[in-house]
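Worksheet for the structure shown next.
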């Protein structure tokens, strides 16, 4: 278990001792470790002192606080809350109060929903609070257009809220009405505008706004994903009047968040270039334009539709509220409260006679594009909107960049309409402007992506290798990003985090992504627009010039070709803001010169204005930006906001079933693989096996028993060969030393882990007659005989036993043919499942072949449970699946001269050929291993094998074990390709199952400083040493299978010998 913590020393840094006021550390410890085991090291990391820290003594004397609560070193466990990933601990004294304590304490909240310093959530407990640009304000805003003390919000003892202007320079408006020095009622949901910022009063959602979360004991908290993350439950069939777009041409996309009421989202219409875009009458909640005409840039979808027809990009089904039908929001609020004159004398108590405004349910519905304050509450909760966007969601990878005012047809104003850009349409997005504002906008964009898309669906990669800025400055600016679970490598990348602060790390990240793009090189596999790549996705943040011509070309290639593989680039370029002194085209060219990848972006947002609080969103054609674009007020967040947001998400992980996981991306094959890890049974327990067996019983595609074998690791996770759906037979080919026998052992072990021993039996045949008889001859398949599923093991060294086996196998095939009749194995089990739901009649009690007594003969003894014997007999299915595993079929087809089994080898081969011909219909499968070429290719088992594994020749490494070869950088035996019957081919590194369990004596708790600059380097791996006298993985699995079989009272398939 590894968790990342931050230790804070309230006494500040100590230069004399070499300490620091704050230190990020990486704690490595086994699950269940007490805090006392690492408390002295945590104190030492921040104070610079050796030993236990300033208190002296052992770990129990070190005072550590989580917030204001002191942690008991003996009772608090690493990996359990509050000691989870991203936690902040204070040494020696309680930490300063969090900016967002328990959110339910205050009935009313003030949210900063838009602007250059958006995202703030302030609890209104009562009294007067001031809002302004000054640090002395109760709610400080980093907005140059806001006065030092701009306005005051007052909450009465009854909970009513009012606002008054404090003689500000640029004035204050509330729902379009000007606010003076006299208090104006501030209704819940009303929009307060000051400068470029927007604030809203919101009632507290309470504990019901949180979703259930469960700690996993290893530093993470599991959060269940919704049943259908693509569903939009707020959709309603109501209609709404049309809305008009702003005057003048617009760029890539713009849209409205919901307001009052609930409307159904339809498609937006996009006009020809040069005309002012308008909004379809059925699309009030999705004022979205897009690239629809004369567009050939990569990542854009051309559309020949008429400009008046709906565009192909759909909006998110309703998460907002309907627009006012006749008047603006302010007029609607005045009508709802029954008053016209909103300005009231300050000395009066105007609210005594009026109850609080009861807003309609539709008003409380969330917006399509949540504001930064809503994102923060979603992360802190966690809230129900966490990771709500799946790959089929209409707004997947759509981000909000700012807001703009719009109008409805009757002329009423619709303020703070979100301006959005869709990465799946644009392909790549460019952001340019002065560094402070640019960083705030980038933080807001990435926070949206992280909050609305799960780490299983989206990964975020940072490339910040521009040497024009010091690496310490770049690492400090992006340190918040490292806490997000989305930057953890989930697809086999060779790094601790998906970060790159130097050119070596940048080359590694781009190389990993280009390999994925190459795996999707077929142009037919890429469909532009919202119906394109189904995920998972990768957003690559390119901050500045990556450096070097090769890196520039690779990043540009990712921007152009990456979208077909789900890879989208967000490019940042530091420039002066667009203004009359620096027109749009000059600013765009300056951004392209700073960051060459900027020219490959399909949409760009240029910060503009004297103080860079506005932006221009423009689409880009191959010839450059098209039109002046859409003007909006920028949405940006502060570094402190981003840090709080990222730490809240740090321990969260999606708790979704395996079948709900998104398709994994292709990665290089590992040098070696452990089968238990590929099976997900690193801790093989009877409980985990019984859960798998219970799942197999409900598998409608594997009637009569599941026969699913995990062969090892592949480019997209475990490689599985299903003998039922892809079979019926499997052939493993390879030269001597290629790992054929070990792969067969892996097949036997994984088959046993997938199904109960009374529903699946296995017969093992070692074709070499010297197996297990002489020193150094090898164990063959004998090591698998401890698995309860194995009923028969035959070594080809006794002709009498071999003939008996051949006769028994042939007799078993005949018995199954008689039972199945003219149907097949699956139909026979289907019929018996149907008949099993009916009341069975008592059968005749005769004796005969295959007919045992259902009950004991009549006697004078009173039978209290006459049906017990019948139930016990019926517990085991009469026709389980059977898998025959043959190692070295060549030795049976062409036995060596003088081999003891040579006289009977032909009879065994004929029985195996019968299995190859009739096995599919009778539920009998054949898994064989042979050498390359030879007479075996002409036999029935080879010709009828539908699944084929071709293993590579062994490498010439000096290592004797797979672990040693992996340490030398050479693949272990078992590497090859698996060919499916439909023509698919995938690489596989066979899973090793006879290796001994790794040593665990070195798993002592450690605490190491966290160096964000080096997190993109390959992790240092110590060679895994196996216990020389410990049990093998196969022995551990066999023991767990045996115990699980006893607990479920599973019988055993009868032996053939």
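Just so you know, glycine gets a Cβ as well, placed from its N, Cα and C.
Caution: TrEMBL annotation is automatic and unverified by curators.
Summarising the annotation, TrEMBL assigns ATP binding site to 734, 735, 736, 737, 738, 739, 740, 741. Among the features that TrEMBL reports, compositional bias 'Basic and acidic residues' is placed at 268-312. Feature annotation from TrEMBL assigns domain 'FHA' to 129-179. Feature annotation from TrEMBL assigns domain 'FtsK' to 716-966. Here TrEMBL flags 1-21, 228-254, 268-323, 840-860, 952-1003 as region 'Disordered'.
For the binding-site residues 734, 736, the ranking by surrounding Cβ atoms (within 10 Å, all protein chains) places 734 first.
Within 10 Å of the C-beta atom of residue 741 (ATP binding site) sit 23 other C-beta atoms, taking all shown protein chains into account. Of all the Cβ atoms in the protein chains shown, 25 others lie within 10 Å of the Cβ of residue 740 (ATP binding site). Residue counts for the domain 'FHA' (129-179) under DSSP (helix as H, G, I; strand as E, B; rest coil) come to 0 helix, 22 strand, 29 coil.
The average pLDDT computed for the domain 'FHA' (129-179) is 94. Taking Cβ-Cβ distances under 8 Å and a sequence separation of 6 or more, the neighbours of residue 737 (ATP binding site) in its chain are 953, 954, 973. Within 8 Å of the centroid defined by the CB atoms of 734, 735, 736, 737, 738, 739, 740, 741, the record's ATP site, lie the Cβ atoms of 931, 951, 954, 973, excluding the listed residues themselves. In the structure as shown, the Cβ atom of residue 739 (ATP binding site) sits within 10 Å of 26 other Cβ atoms.
Around the Cβ of residue 738 (ATP binding site), the number of neighbouring Cβ atoms within 10 Å comes to 24. A coil conformation is recorded for residue 738 (ATP binding site) in the three-state DSSP classification, outside any helix or strand.
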